[in-house]
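Among the features that TrEMBL reports, Zn(2+) binding site is placed at CYS53, ASP55, HIS106, CYS109.
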Amino acid sequence: MTNSASIPTGSGAAMGGVSATDRFVEANARYAASFADAGLDSRPALRTAVVACMDARLDVSAALGLTNGDCHVIRNAGGVVTDDVIRSLTISQRKLGTRSVVLVHHTGCGMETLTEDFRTELENEVGERPSWEVGCFTDVEQDVRQSLERVRTSPFLPHTDDVRGFVYDVKTGLLREIDPA
């Protein structure tokens, strides 16, 4: 996993006058100069979709030994299997040929520190209650089990035999498989 400089909060998250987005655009120009993946198929070579937390400490490709084109990677806060994740998995399986699903939660997840009261806080601040659930949890292993169950019981997913869930340890980089029972 690579380490990058932390980006200060504030307007534009500028570092020395250059925003993070400006850095991304510059990096993309370097990447495109030697781009060699134009012929990749949109169907994942490993026929697998990975659902993972968006936490910046989790480098999914490095942790799982993936290269470009191997898998679909779907990320959100907590790696929680929401309706939108089911939508993405359904398209991944039915239109792009994936057959396996891997769920990756992690230790020290910020979703363990939130409650559904966050929706009320937002409603009080902006005058509108979010239609979505926060998806918070207090037990990462139990949330992996719940997410496994959501995938396995979705009527929209035809391939639910190979669905496995893991907790990634942010201190060691190791995955620990969670028994769905």
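The backbone N, Cα and C atoms fix where each Cβ goes, glycine too.
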Task: For ASP55 (Zn(2+) binding site): DSSP state (helix, strand, coil) - done: coil
Open item on the list: Centre the Cβ atoms of CYS53, ASP55, HIS106, CYS109, go out 8 Å, and tell me which other residues of that chain have a Cβ in range of the Zn(2+) site.
Closed with: ALA52, MET54, ARG57, LEU58, GLY78, GLY79, HIS105, THR107, GLY108, GLY110, MET111, TYR168, VAL170
Task: Three-class DSSP secondary structure - CYS109 (Zn(2+) binding site) - done: coil
